[in-house]
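Working notes for the structure below.
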Amino acid sequence: MRHLIDPLDLSVQEIDKLLDLADDIAGNPKRYSQVCSGKKLATLFYEPSTRTRLSFESAMLNMGGSVLGFSSANSSSAAKGESVADTIRAVSCYADICAIRHPKEGAPLRASQYSKIPVINAGDGGHQHPTQTLTDLMTIRVKKHRLDHLTIGLCGDLKFGRTVHSLITALSRYEGVRFVLISPEELRVPDYIIDNVLKAKNIPFEEVENIEDVISQLDILYMTRVQKERFFNEEDYIRLKDSYILTMDKMQNAKPDMAVLHPLPRVNEIALEVDDDPRAAYFDQVQNGVYVRMALMMTLLEVEHA
Ligand code: NCD
């Protein structure tokens, strides 16, 4: 049985195959409308979510399956003190696959150790978010027709932003990738990613504070929200929350074919005026998120292709 806990749980070949499947689903959705009929997805969300939970549910419904679950810790037995290990043992009796989001780093991994069904990490604390990464990879491939030989700028909260950690980890396996890490000093990429991924694999990267200095080099600009819920004090959050705001003025200096990505939700990081620029790809990501989650659940459930 396979789980998806960390972006490296899928090989580069498996990701290629999965993205090919997602492309085919996007082009021929009707062909997949019953491939999961009789299958049940459980969504166990101990933290707020709009896109991730609803796109998992929409993905399963698109394939003729059904969904059950909870959308906050308060409405589950976690509020009574139940452990993740016990919860997953119960959920294994109710569903065929599950997606779990939890504020504690490592909770989905722990769940997978007690589970009888495939477990998908839908975000664990400030750690990883591998299905957002599949969404990001699909969007990059659609926009740039490749995942290698790209200069990728990541901007904002690179410390607590789990989507950033997963995307760097996944992209580190492609040739010719270079990262420009744009953040305030306090929100730099954690050392474990710098040391175990970037330095360990000799991947070129630079860390800068000013987006204007580097925007012209970028093929992809990945904007992120400052992760309010992971701050220890409100003062720091208020000081850092508006560190970067992408405006049309700044976009003037970017390449005409740069793509702007954002996992969403957006707070202030991207001015609304940028939404109408053809380089804005963040709403495409939302749609692609459904296709990759369909492809992922088909793969983990070993459902025959249509
Ligand atoms: C992200 C998350 O939950 O990590 N959202 C998402 O899943 N698309 C990003 C965020 O909350 O800022």
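Cβ from N, Cα, C; glycine included.
TrEMBL names Arg51, Thr52, His129, Gln132, Leu264, Pro265 as carbamoyl phosphate ligands; from the candidate set Arg31, Arg101, Arg239, the record adds Arg101 to that same site.
In the three-state DSSP reading, Lys80 (L-aspartate binding site) counts as helix. Secondary structure from DSSP puts Gln132 (carbamoyl phosphate binding site) in a helix. Around the Cβ of Leu264 (carbamoyl phosphate binding site), the number of neighbouring Cβ atoms within 10 Å comes to 20. With the fewest other Cβ atoms inside 10 Å of its Cβ, the least crowded of the binding-site residues Arg51, Lys80, Arg101, His129 in this structure is Lys80. A gap of 31 Å separates the Cα atoms of Lys80 (L-aspartate binding site) and Leu264 (carbamoyl phosphate binding site). Around the Cβ of Arg162 (L-aspartate binding site), 23 further Cβ atoms fall within 10 Å across all displayed protein chains. Of all Cβ atoms in the shown protein chains, 25 besides its own fall within 10 Å of the Cβ of Thr52 (carbamoyl phosphate binding site).
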